[in-house]
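Going by TrEMBL, these are the annotated features:
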{"type": "ACT_SITE", "residues": "Asp247", "note": "active site"}
{"type": "BINDING", "residues": "His13, His15, Lys99, Asp247", "note": "Zn(2+) 1 binding site"}
{"type": "BINDING", "residues": "His15, Leu16, Arg17, Asn41, His136, Leu219, His251, Ala263", "note": "substrate binding site"}
{"type": "BINDING", "residues": "Lys99, His136, His174", "note": "Zn(2+) 2 binding site"}
{"type": "DOMAIN", "residues": "11-315", "note": "domain 'Amidohydrolase-related'"}
{"type": "MOD_RES", "residues": "Lys99", "note": "N6-carboxylysine"}
Amino acid sequence: MQSITIRRPDDWHLHLRDGAMLEGVIADSSRDFARAIIMPNVVPPVVTTVDAEAYRGRIMAALPKGDRFEPLMTLYLTEHTDPDDVEKGKTSGLITAVKLYPAGATTNSHGGVRDIDKAMPVLERMAKIGLPLCVHGEVTTSDVDIFDREAVFIETVLDPLRKRLPELKVTMEHVTTKDGIDYIKSAERNLAGSITTHHLIINRNAILVGGIRPHYYCLPVAKREHHRVALRQAATSGDARFFLGTDSAPHVDPLKECGCGCAGIYTSINTMSCLAHVFEQDNALDRLEAFASLNGPAWYGLPVNEERITLVKRAEPVSFPARIETGAGPVTVFDPMFPLHWDVER
Ligand SMILES: NC(=O)N[C@@H](CC(=O)O)C(=O)O
Ligand SMILES: [Zn+2]
Ligand SMILES: [Zn+2]
């Protein structure tokens with residue numbers, strides 16, 4: 001039997017939601033992950049340190065007894081965010097990053113940033129105090145094709161911002177294109193990227209071939225195969241600028257299986273099995289730990305986890321539920337479309 005022991009992984013991009021959904025999904029993260037960067041796009045969004053403190057409290061209250069899991073809180077950047085409040089959050093240790101959602105780019109982003117100039121005082125402060133900016137990197141203008149929105153964002157928003165504020169640490173989250181990978185590789189410092197589980201596995205065919213498959217729809221939308229290959233190469237290369245951010249984003253099934261379905265794929269529960277499969281396929285099992293457990297903490301300036309987990313490859317496929325039941329409703333689990341044999345040993 002094959003097995004691999006790695007430091008306990010972290011998830012550098014996670015949606016836990018709130019209320020009954022939070023209660024229904026949190027155990028799937030705390031089972032395998034020690035820490036996660038918690039996305040602030042709940043309703044209402046986490047805009048101030050007071051909001052973040054309260055949300056953190058709700059997460060800790062929902063955590064299964066005995067699980068050790070540290071939510072790393074973020075603030076949702078608006079055009080009215082107060083630089084002093086952000087600095088206070090960083091100084092007290094509550095805030096790990098600030099999140100930029102271009103207004104309208106994704107789920108609950110309507111309160112995001114329209115005019116980046118209006119956010120410059122906060123961004124300047126963040127550059128000064130060394131607080132990273134996490135970015136949903138897509139433009140939102142209707143004249144830009146949805147498959148080009150990441151590349152256009154890099155050219156028209158991200159690169160100009162980084163030239164204007166070279167000291168700002170930027171995490172380009174859920175990178176989905178070769179353009180994004182190449183851009184990150186071209187930067188000497190202050191730029192890194194998270195990659196999701198599902199973008200390592202699916203390309204846009206998964207969403208559109210044979211019928212519309214809403215459970216493969218997320219944002220940024222999966223791209224062509226050569227982009228997926230570039231993501232795979234980056235993730236499995238060991239390059240310290242790339243690390244895991246699952247972007248596990250639960251929506252109840254009725255909100256995905258409808259005339260205008262929500263974007264988001266739920267992967268918390270089977271991410272480590274999927275990743276072991278992917279890294280084994282690419283002869284890179286020895287670099288899984290870098291991607292899932294080492295590169296993220298190094299980028300965020302946090303210690304690596306001392307605990308270990310062991311993944312074992314079982315002869316029979318490991319079964320995951322097709323959907324989980326939450327108090328908010330059923331949530332379909334990501335189906336990688338191949339049998340999973342790797343299992344986290346409990
Ligand atoms: N990734 C997604 O498709 N959806 C995320 C938002 C996001 O990360 O952009 C969500 O909150 O549902
Ligand atoms: Zn996003
Ligand atoms: Zn997300």
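Cβ atoms here come from the backbone N, Cα and C positions, even for glycine.
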Can you give me the Cα-Cα distance between His174 (Zn(2+) 2 binding site) and Asp247 (active site) in Å, rounded to a whole number?
7
Rounded to a whole number, how many Å is the Cα of Asn41 (substrate binding site) away from the Cα of His15 (Zn(2+) 1 binding site)?
8
Taking ligand 2 as the reference and 6 angstroms as the Cβ limit (strictly under), which binding-site residues among His15, His136, Ala263 are close?
His136
For His13 (Zn(2+) 1 binding site), which of the listed recorded positions (Leu219, Asp247, His251, Ala263) have their CA atom within 10 A of its CA?
Asp247
Which residues, in sequence order, are found in the same chain with Cβ within 8 Å of the centroid defined by the Cβ atoms of His13, His15, Lys99, Asp247 at the Zn(2+) 1 site, excluding those residues themselves?
Leu14, Ile37, Met39, Asn41, Cys134, Glu173, His174, Gly245, Ala249
At its widest, how many Å does the recorded substrate site span between Cα atoms of His15, Leu16, Arg17, Asn41, His136, Leu219, His251, Ala263?
19
I'd like to verify something. Among the binding-site residues Leu16, Arg17, Asn41, His136, Ala263, which ones have a C-beta closer than 6 angstroms to some atom of ligand 3?
none
Would you list the other residues of this chain near Zn(2+) 2 - those whose C-beta lies within 8 angstroms of the C-beta centroid of Lys99, His136, His174 - in sequence order?
His13, Met39, Leu100, Tyr101, Thr106, Cys134, Val135, Gly137, Glu173, Asp247
Could you tell me the C-alpha distance between Leu219 (substrate binding site) and Lys99 (Zn(2+) 1 binding site) in angstrom, no decimals?
15
Measuring Cβ to any atom of ligand 1 with a strict under-6 Å cutoff, which of the binding-site residues His13, Arg17, His136, Ala263 qualify?
His136, Ala263
